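**Q** Here's a structure for you.
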Amino acid sequence: MSRLSAVRPAYWISGVLLVVAVVVPLLVPTYAKTDPHLWGFPFFYWYQLMWVFLSAILVSISYRLLRAEERRRRAAQGLGDPDAPDADTKEAGQ
Amino acid sequence: MNTSVDWVQLIIVVVIFGGVTVMGFMASRWRSAGHLDNLDEWGLGGRNFGTFVTWFLLGGDLYTAYTFIAVPAAMYATGAISGFFAVPYTIVAYPIVFVFMARLWSVSHRHGYVTPADFVSGRYGSKALSLAVAVTGILALMPYIALQLVGMQAVFETMGLGGNNTLAKDLPLLIAFAVLAAYTYSSGLRAPAMIAFVKDFLIYVVILVAIFYLPHVLGGWDSIFGAAQEKMAKTNPATGKPTGSFIPGNAGYVSYWTLGLGSAMALFMYPHSVTAVLSTKTRNVVRRNAAILPAYSLLLGLLALLGFMAIKANVNVKGLDGLANPQLAIPRLFDQEFPSWFAGIAFAAIAVGALVPAAIMSIAAANLFTRNIYRAFIKPSATPAEEAKVSKLASLLVKVGALVFVLAMDKTIALNLQLLGGIWILQTFPAIVVGLYTRWFHRYALLTGWAVAMVFGTISAYNVVNPATKKHFGGSLANIPFTNTPAYIALTAFVLNVLIVIVLTFLFRALKVPDGQDTTHPTDYLADRGDPGVQDLPEILDDGGAATAKS
């Protein structure tokens, strides 16, 4: 099967997004401080909780990109779309 | 100290527990196509769970009762480094899972793999390596199951159940476990999947109420964080150092991120995570879940902060034995600050929260035993029906083992072993995850790297001495060899593991040491439901696995 026909940007972009989602929350020196506070939370605490949302968003975008890519690949190979009949799954993709 | 039974709490817990038990037994008929007499039906719930069910199942599976007790307990006792790292840990886990889990799903579905060790066996053609992966998984799971009981025990103790009489003290735990064992036996993975709905709903309610109601009672977030900061800065008389860390200083950076990354990489190496993932319907269910599971990370982060609230509320953490036990911080906080009926709901949430992961873990351990020890070494001709029978019995044995563990031994042994379990399980990462992409690593190099890292990790953990109690296995941080920087032992051992694997792979390839046979095909890693060769699936088990369909 030709992997060349797979368009690259989707893979590259999601790769970068996922690397960001893994590396940035682990850069402790960038957030190990008290100020600025938010609703009484020191920076250290609210910043990390904020990354829960950011990470979910980054992963969702990657998912959309890869999913479109995969659909195209599967269509080119004449394979079906196993997720299509699932009504509950689409909205759950956030 | 609580010496009398709180009847309101007890009645609520018993009622919820009873309801959950009924659900557990009824679950055998839920979404069931046929009989529970093969591993795909009993051990993987028919491999038919969609995004929604999986979200609850994985949430119920990964965020265990022990987590709910231990993370805030760590925050209560020593602050951010040992407690709050759980937040970055569960944040970075999902992008990592997103990347490789879909491939594991695909190859497992084309070949009928039920456990990660099945995959390793097919990929590397090495029974020894597969056995190593299986044994590591079982070893890591046993103490983890035992700790679910410890979580339950903390709740029962706070409700006033217990006392000096051994039987009265242990009876509630015995009953809870007998019930758990019975419905896991009869319903398999469907039971925890169904109960997970109740568990997660209860937990979400409890945490949301706690997070809005308690700061209100305790004088606001400012004063909660203030109290925590003050406690962490105080000098601990036993060590002469500060009690803990409110915000990690320079010296703690490496500890913090290695704990986060190491735990994240280890999370989906645990067989019970793989079991839940393989029970999904299509390849993309796990990816979608990687995007929505962080909701639980948020929950965990908020929950961790309850540890700080316990500091502010000055809860009494003395156990029935008169010793301070931080594990009691959260149950005692609920007991002290909530009305009895709501505390009862919270306790029920934790107790039910122990049942879901304990059930899935025992199923995962049983599947490992059946597939990778029983079928691989004892009876290769086992039929699917026999496999299911052996697995059911093994899951009972595993649970009895865990129970004996908790009742007969000091519970610090379970804690130590769980700490070791995290270190051990990460050492299967090269064989499993790297194996999903390339087969360049030599099977014997992988085996050697695994063995050395297991020994190294165990010894390093043994050498960590708790400064206050002078006991071994004092924590999961040790200096990186030849430096003064403390880091998570699992990750240090992992780096050593990978280095050995690379060097030995070069060596073995140069020496032309025989490489095992790879029964997988590159297209297997991209297969999805409905593709040629991907079946839903008892047929595959009948001919013993592996007919590689090429597309």
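Cβ atoms are placed via backbone N, Cα and C, with glycine included.
What you see is a predicted model, and the numbers here were worked out from it, not measured in a lab.
Under the heading transmembrane segment, TrEMBL lists B:6-28, B:49-69, B:75-101, B:128-151, B:171-189, B:201-221, B:290-311, B:341-369, B:390-409, B:415-437, B:444-465, B:485-508 (among others).
Thinking about packing and proximity, how do these listed features fit into the structure?
**A** Remote same-chain residues near the transmembrane segment (B:75-101) are listed as 67, 228, 231-232, 243-248, 252, 255-257, 259-261, 263-265, 267-268, 277, 286-287, 290-291, 293-294, 296-297, 300-301, 304-308, 310-311, 317, 326, 329, 433, 436-437, 475 (criterion: CB distance under 8 Å, separation of at least six residues from the stretch ends).
Within the same chain, residues 16, 63, 68, 299, 302-303, 305-306, 309, 312-313, 333-334, 337-338, 342, 345-346, 348-349, 352-353 sit at least 6 positions outside the transmembrane segment (B:201-221) and bring their C-beta atoms closer than 8 Å to a C-beta of that stretch.
Cβ atoms under 8 Å from those of the transmembrane segment (B:290-311) belong to residues 51, 55, 58-59, 62-63, 67-68, 71-77, 83-84, 86-87, 90-91, 94-95, 97-98, 101, 203-204, 207, 210-211, 214-215, 218, 224-225, 227-228, 231, 317, 329-330, 332-333 of the same chain, restricted to positions at least 6 beyond its ends.
Using a Cβ-Cβ cut-off under 8 Å and counting only residues 6 or more beyond its ends in the same chain, the transmembrane segment (B:341-369) has close neighbours at 6, 8-13, 16-17, 20, 39, 42-43, 57, 60-66, 68-69, 114-115, 117, 134, 137-138, 141-142, 144-145, 148-149, 151-152, 154-156, 158-159, 176, 180, 183-184, 188-189, 191-192, 195-196, 198-199, 202-203, 205-206, 209-210, 270-272, 274-276, 331, 334-335, 390-395, 398-399, 402.
Outside the transmembrane segment (B:415-437), and at least 6 residues removed from its termini, the chain residues within Cβ reach (under 8 Å) are 66, 100, 103-104, 107, 116, 119-120, 123-124, 129, 132-133, 136-137, 139-144, 146-147, 150, 262-263, 265-266, 269-270, 446, 449-450, 453-454, 457-458, 461, 472-473, 475-476, 489-491, 493-494, 497-498, 501, 525.
With a threshold of 8 Å between CB atoms, the same-chain residues lying at least 6 positions outside the transmembrane segment (B:485-508) that come near it are 251, 254-255, 258-259, 261-263, 265-266, 422-423, 426-427, 429-430, 440-442, 444-446, 448-450, 452-454, 456-457, 460-461, 464, 476-479.
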**Q** So if I exclude everything within five residues of the ends of the transmembrane segment (B:6-28), which remaining residues of that chain have a CB under 8 angstroms from its CBs? That is, six or more out.
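**A** Residues 36, 155, 159-161, 176, 179-180, 182-184, 186-188, 190-191, 193-195, 198, 202, 335, 340-341, 343-345, 347-348, 351-352, 355 contact the transmembrane segment (B:6-28) from elsewhere in the chain.
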**Q** At a C-beta cut-off of under 8 Å, are there same-chain residues at least 6 beyond the transmembrane segment (B:128-151) that contact it? List them, or none.
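**A** Long-range Cβ neighbours of the transmembrane segment (B:128-151): 64-66, 68-70, 115-118, 120-121, 173, 177, 270-272, 327, 350, 353-355, 357-358, 361-362, 364-365, 368-369, 371-373, 376-377, 398-399, 401-403, 405-406, 411, 414-418, 420-422, 424-425, 427-428, 431-432, 443, 446-447, 450-451, 454.
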**Q** Which sequence-distant residues neighbour the transmembrane segment (B:444-465)? Criterion: at least 6 residues beyond either end, Cβ under 8 Å.
**A** 124, 126, 128-129, 132, 136, 416, 419-420, 423-424, 427-428, 430-431, 471-478, 489-490, 492-494, 496-505, 507-508, 513
